[in-house]
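Peer 1: Sharing a structure below in structure tokens format, with a few things to ask.
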Ligand SMILES: Nc1ncnc2c1ncn2[C@@H]1O[C@H](COP(=O)(O)OP(=O)(O)OP(=O)(O)O)[C@@H](O)[C@H]1O
């Protein structure tokens, strides 16, 4: 009985090797924050002024109690009330101004970080994408960046604002009555210890939760993309079970976060409240003794109460900062991954797209002693490809035939440098592809894979991706004709019809023909096709082949083929067996000389005698 696919989980690489301090992590945001530092600084100053405006209110209260109230002056009380109202309005306006100052620049910071992440993801090697689950990348580009924007908008400013407010408030209280001030300061040390303990534990669960969100995103993405398989095999229950399991784990982590938050809230609220209670008792005794004025006690306690919010908020501000530090770590884990190394153009020797073809021994596509091992494989493992020496002459079409898993797809992926050769070299018209800038290489070489990938765009746009920006309707029509993709004209909006996510609204054969059209639309000098006709019926395949033969006349092509009909497109055939080229010749030559080739082309089951040969 088939088992449910295991939920895709982040690899070791997607987990932190060692966590650095939150401040060190957050400091990495500086290059993004630098352009908006002026606005952020002004906003912080505005917030400090707004917050300190609130601290003037207790002083006005003291003036009201010791002045107009003691003197029974109604007019004085009204004047005091007016001052309080003006202070309140000023505080509100200043906080509003702060918000307005930071909103636009921070949205810009988030957008530029997201753009950099996307650009970087495009430049990372295929080997990176093979290793990283897509959900982990998605969650870094969405949830983590949102956490960072929130951190820059609130905790970054308010940790500063609240610290200044607390210091100013404490100074005011010490100036009012220093003994009571010291009573209120007593919990400071235990609160700091609690915060330190909290930060260490919270950073661990915050990281766990964010990684689990990534795993969950991967599972959802896979389920949505694989919905046909899940339904087809009736696996929706087991898939739902896997989802529930992961979300239960995430729920557990979120609850652990909530418990930690509850503990720090309790400590941060209780300790200062106890101190305020003690100060109230002591202050009342002093007022009764006559050693303290009632107004001073009112001012003192109002200041203490005004400081409650700045102190209590420290808990969640620290939590948000910790989450932001984790988000920064996760963001830079991707950004620190080494992008594909480009290579400086070889001095004038590189051929250019559409340029004149050179002749001679080096011309065409040549593999020289090529060995390849996937980057994850150990250096002592057997290479997937070894000692590949193959010369495809200019204008020649070479079919690549081999058993399943023999390395055909891997070999084709080496030509546009989707993977780098481990040893040896590949040359195009005599120039080592490792010395060509990728952009130039990929303008020369067009590819179509067996599994055609289309994007959520119009049919025409999908095809024209394979051509220079100057290509238009004429090139599109020609490519569609070669690929026998005339079905496009019968679609509701013709070539403007949207193909939907991954082109799943089209049939497999239709997608393959569009991918083929994309490969030929730019009239590339070199064409690499990985079994591009496998999903076509024999009649359509014959039509495509007839058209392709005309196109391939001027193109140097390497075509992976499984069927004799596709092989007949080619001038010569190379047989790949166990990662090595074991025979090269025409179709008929190989049929005569190679038992393996004859067997592969026959479609028969191999006899044990042939098996042993
Ligand atoms: N990304 C990868 N990482 C590690 N090994 C891989 C990777 N892709 C393929 N392989 C391995 O490389 C070998 C060759 O695979 P490849 O896809 O090139 O074979 P193929 O000849 O194209 O097979 P098929 O005809 O079935 O498509 C296989 O053993 C496969 O398991």
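Cβ coordinates come from backbone N, Cα and C, glycine included.
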Peer 1: When TrEMBL marks a stretch as transmembrane segment, which of 178-198, 199-219, 220-240 is it?
Peer 2: 178-198
Peer 1: In TrEMBL, which of 14-34, 77-97 is tagged transmembrane segment?
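Peer 2: Within the set 14-34, 77-97, TrEMBL attaches transmembrane segment to 77-97.
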Peer 1: For the annotation transmembrane segment in TrEMBL, which listed range does it cover: 104-129, 260-285?
Peer 2: 260-285
Peer 1: Restricting to the domain 'ABC transporter' (365-603), report the mean pLDDT as a whole number.
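Peer 2: Overall, the domain 'ABC transporter' (365-603) comes to a mean pLDDT of 85.
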Peer 1: Which sequence-distant residues neighbour the transmembrane segment (77-97)? Criterion: at least 6 residues beyond either end, Cβ under 8 Å.
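Peer 2: Answer is 46-47, 49-51, 53-54, 56-57, 60-61, 63-64, 67-69.
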